[in-house]
Amino acid sequence: MALDAFFFIVSLFLLFPSPSASESTTQFCSAGRENGVGSCGVSSTRILIKGGTVVNAHHQELADVYVENGIIVAVQPNIKVGDEVTVLDATGKFVMPGGIDPHTHLAMEFMGTETIDDFFSGQAAALAGGTTMHIDFVIPVNGNLVAGFEAYENKSRESCMDYGFHMAITKWDEGVSRDMEMLVKEKGINSFKFFLAYKGSLMVTDDLLLEGLKRCKSLGALAMVHAENGDAVFEGQKRMIELGITGPEGHALSRPPVLEGEATARAIRLARFINTPLYVVHVMSVDAMDEIAKARKSGQKVIGEPVVSGLILDDHWLWDPDFTIASKYVMSPPIRPVGHGKALQDALSTGILQLVGTDHCTFNSTQKALGLDDFRRIPNGVNGLEERMHLIWDTMVESGQLSATDYVRITSTECARIFNIYPRKGAILAGSDADIIILNPNSSYEISSKSHHSRSDTNVYEGRRGKGKVEVTIAGGRIVWENEELKVVPRSGKYIEMPPFSYLFDGIEKSDANYLSSLRAPVKRVRTEAT
């Protein structure tokens, strides 16, 4: 037994070379690393959830849910089952689809370092917070899409929950165009991201964006944009440095909301010109939200994704005299002044914005200190994978801004629909994957970097308390979070291929045909000879 215990401790050390305080008290199952199965009580193949209120995006009902071998088999009242079934009592609680986070960056090399959360630690944190799938962004290797995909295949090998990939486009040539087609048809990628910021590294020009939009349209893939005017941001950064503003507040001052609004408007107009759907990631300002609202009102297919930090926080933290505190709030686009977050909440509750992500991109305080003397070198990113589901419930459902069905829609179902994996994901329906949470609306939570499951030693939601706690998480038919205990198995997560031509492409061909018929061109002209 002593030898077994020794190897168990060694395996934990290898998984977590830089553990946070919380990881020393949390159980991570390392059994079965080679074949993806374990024996720590997480692999029950039959589960009956009794007496809860089952909530989907379209309705809710009192019903039981029966799961076998990772699939929801039945959703109906008073299900009777035989022996060897794990029974969970959900009386007085909500039974919901597990959250799907459309926007994460795990094991990402960025700004001279790498995010502190890899796929295993980030996903473990997600499961503790009720998120059962995420979609991460693949960054090409020197512009090479295939090399980038292969690198992220390796990064994600230890995954403990299901995940998908978006792909970033950082340059353009015929090879990129061919690789996009291969990734869509053979690798299950149906979305491509274009950065309009980060001049000199990830940023693309308008001509490249236009080529990318055309290629996305032809492939049935969704074009996504990080919308900030990168040239103006670069100028703003120089201006701040010249003024002697080198701290985290300079980050916000150099990238004001107007630059996010301008880039959002530009991307929307170019997408309209090509007639292809557009997804705007991390909408942080009223300026950007207003542009999305105008486009949607006109009938354009534009998706707006706020992130939980932009909905909940404001930028006063960036002026904190303690660099360690201020720097942990640095992300791009920046967290905005008071008023923007509430406006984004209103837009989310009225359908102007469609779903909530996190942009989970974590660095510890040592990494953030890389920009101690120059805000331009502070690694951009905040946490959110573990906190999103709790914060949105407490902030928007408890306040009456959202119903329980709306909550499911913006945290799970709409993401599944947009990325064409519904109803496999995002639903409590017979035949859907058994990714399920049990949320107790009367239970409370408190957020702390000392107890969270991220490897980061900081948390931008430190000390927040609220109501509505995820008490049980089931991922792939396995109970992975229960009684405040996290039990996850490396290599138990699956890569989820996402097919092209989601519902957002419905009607595109017809509108193209209508456009062509409206041109009254080319005009047939009769050549007349001069007399």
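Cβ atoms are placed via backbone N, Cα and C, with glycine included.
Summarising the annotation, Swiss-Prot assigns Zn(2+) 1 binding site to HIS103, HIS105, LYS193, ASP359. Among the features that Swiss-Prot reports, Zn(2+) 2 binding site is placed at LYS193, HIS226, HIS282. The substrate binding site annotation in Swiss-Prot covers TYR198, SER332, ASN380 and is backed by similarity to another entry. Taken from Swiss-Prot, the feature N6-carboxylysine covers LYS193.
Checking each of the binding-site residues (HIS103, LYS193, TYR198, SER332, ASP359, ASN380) against HIS282 (Zn(2+) 2 binding site), the C-alpha distance stays within 10 Å for HIS103, SER332, ASP359. Other C-beta atoms found within 10 angstroms of the C-beta of LYS193 (Zn(2+) 1 binding site) number 23, with every protein chain shown included. Within the set of binding-site residues HIS103, LYS193, ASP359, the entry lying nearest in space to ASN380 (substrate binding site) is ASP359 (CA atoms). For the pair formed by HIS226 (Zn(2+) 2 binding site) and ASP359 (Zn(2+) 1 binding site), distance between Cα atoms is given as 11 Å, rounded to the nearest Å. Excluding HIS103, HIS105, LYS193, ASP359, which define the Zn(2+) 1 site, the same chain contributes THR104, ASP136, PHE137, HIS166, HIS226, VAL281, HIS282, GLY357, CYS361 within 8 Å (Cβ to the Cβ centroid), listed in sequence order.
Annotated pair ASP359 (Zn(2+) 1 binding site) and SER332 (substrate binding site), C-alpha to C-alpha distance, rounded: 9 Å. Taking the centre of the Cβ atoms of LYS193, HIS226, HIS282 as the Zn(2+) 2 site, the nearby residues of that chain (Cβ within 8 Å, site residues left out) are HIS103, PHE137, PHE195, MET224, VAL225, ALA227, VAL280, VAL281, ASP359. The Cβ neighbour count for HIS282 (Zn(2+) 2 binding site), using a 10 Å radius and every protein chain shown, is 22. Rounded to a whole value, the Cα-Cα separation of HIS103 (Zn(2+) 1 binding site) and SER332 (substrate binding site) is 13 Å.
For the recorded site, HIS105 (Zn(2+) 1 binding site), the DSSP three-state label reads coil. Other than TYR198, SER332, ASN380, the residues of this chain whose Cβ falls within 8 Å of the Cβ centroid of the substrate site are, in sequence order, MET111, ALA197, HIS226, MET331. A Cα-Cα distance of 13 Å separates HIS105 (Zn(2+) 1 binding site) from SER332 (substrate binding site). For LYS193 (Zn(2+) 1 binding site) paired with SER332 (substrate binding site), the C-alpha to C-alpha distance reads 15 Å.
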